[in-house]
Amino acid sequence: MIAIGLEGSANKLGVGIISHPSPGKPAQVLSNVRHTFNAPPGEGFLPKDTAKHHRSWFIQLVKQAMREAGVKIGDIDCVCYTKGPGMGAPLQSVAVGARMLSLLWGKELVGVNHCVGHIEMGREITGAENPVVLYVSGGNTQVIAYAEQRYRIFGEALDIAVGNCLDRFARTLEISNDPAPGYNIEQLAKSGKVLLDLPYAVKGMDCSFAGILSSIDLLAAELKANPEWKDPLTGEAITTADLCFSLQETIYAMLVEITERAMAHVGSNQVLIVGGVGCNERLQEMMGLMARDRGGSVFATDERFCIDNGIMIAEAGLKAFETGFRTPLEESTCTQRFRTDEVFVKWRN
Amino acid sequence: MTTQVQDPDFPCSLVIDLPLPTSRLASAASQALRVDKELSPLVRRSFYTLPAAVSNPAEDATLVHTSEETILRTEYKATTNRMLRVAVNGFMESLSVVLGVMEELDIDVLGVDSGKE
């Protein structure tokens, strides 16, 4: 079976076409194209502009995906789209296109949970059997474990997502949002050495980033007011690289802690990191150190799959479609809030 | 040409008639656009598909199918002109996606069969 998947819950519009050649065989990525809307430095992407971007790229990306996959409409079995969670206007702009494809092509619709899309693509690509999943992105931060046909949320960010903390700090520093603000913070952090004092906000299985963002913003303001600021211990000059370094070390240590707590609770030693922040090599490194201490391992995918994309929607959608799941046209709405555990994972036992 | 009755609660109204080539397209547009509810309670909206009026009788013997509902009629009414404008602008933006898919992604453009066995 073959599915087309359409994703636009944040600032990335992705179209992917996946093939499930036969049960038990691995899925094949036939095409996976994406275009990102970047706001200028110092700004974030707003719903109205993001939706406008998605509308203007929709046709082109669908055409390109079909062409690269070498498929025709008759080869496709269903049209999958992101039902939520995410930003309202961007979600809706893609859903309208998905409905039109469904109606004109005569194919059924499958509404997909964005988080489940990340998880299913991560599982498919890495082959991880039953890992604890750390889903970290600009919009979501959840620690998830599978049990009895639901992806259960063991811990999550209580206020803002870890990626949102990074994105907003990038705005404070006014660094480029291209290709992604978190990526540029990561590069800056590589030349950071001084670990500045920041709050460490793990609360049981959950974590909090809003206070850390306020603190790092204050430090950035201090540095701007006093460029000669030196670390009292070493006498080294403090730079924005040190701010980025301190932020990453702190927030990633928090994520490693709550992931480890879930692993202990569930009795798993595998970690699968999904979501845009999962591209971060320092996070992967820190998680790897923890996992190896527990005799386990970390699974992660590259930017094709960890950053929002259409193929993950096609993958999760096709899995659901194969169990008989359909989204009737009248129910093909979008919703900004859609909990990961609301999805009945019929395709797993 | 509207024969709408004025609604005192929603005094600002607008009717948009969009002629399309076929009733299949008009029906698809109507179904795709009606799914999302209007965000504001100050705005009401309805979709209809209507047959095209026969303005030019055919000169040859070909039958003109007047029962084909090829016009998408969208009726908006709102409490203020500002709400009406905002809602209609949103509709136009969604319409651009609908028309784009019709024009460039339909079965006659992309092709249904791959031509391989």
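Positions of Cβ are set from backbone N, Cα and C atoms, glycine also.
According to TrEMBL, the domain 'Gcp-like' annotation covers A:30-314. Summarising model confidence by region, the domain 'Gcp-like' (A:30-314) averages a pLDDT of 97.
For A:HIS114, A:HIS118, A:TYR135, A:ASP308, the entry in TrEMBL reads divalent metal cation binding site. Sequence-distant neighbours of A:TYR135 (divalent metal cation binding site): residues of the same chain at least 6 apart with a C-beta under 8 Å from its C-beta are A:CYS115, A:HIS118, A:ILE119, A:THR141, A:GLN142, A:VAL143, A:ILE144, A:VAL274, A:GLY275, A:THR340.
Annotated substrate binding site per TrEMBL: A:TYR135, A:VAL136, A:SER137, A:GLY138, A:GLY139, A:ASP167, A:GLY182, A:GLU186, A:ASN280, in sequence order. For A:GLY139 (substrate binding site), the same-chain residues lying six or more positions away in sequence with a CB closer than 8 A to its CB are A:SER9, A:ALA10, A:PRO85, A:GLY86, A:MET87, A:ALA161, A:GLY163, A:ASN164.
Counted over all residue pairs in A:TYR135, A:VAL136, A:SER137, A:GLY138, A:GLY139, A:ASP167, A:GLY182, A:GLU186, A:ASN280, the record's binders of substrate, the longest Cα to Cα distance measures 18 angstrom.
Comparing the Cα of A:ASP308 (divalent metal cation binding site) with the Cα of every entry in A:SER137, A:GLY182, A:ASN280, these being the binding-site residues, the smallest distance points to A:SER137. Across the fold, the C-alpha of A:HIS114 (divalent metal cation binding site) and the C-alpha of A:SER137 (substrate binding site) stand 11 Å from each other. Sequence-distant contacts of A:GLY182 (substrate binding site), defined by Cβ-Cβ distance under 8 angstroms and a gap of at least six in the same chain, are A:GLY138, A:GLY163, A:LEU166, A:ASP167, A:ALA170, A:GLY276, A:VAL277, A:CYS279, A:ASN280.
DSSP assigns A:ASP308 (divalent metal cation binding site) to coil in the three-state reduction, outside any helix or strand.
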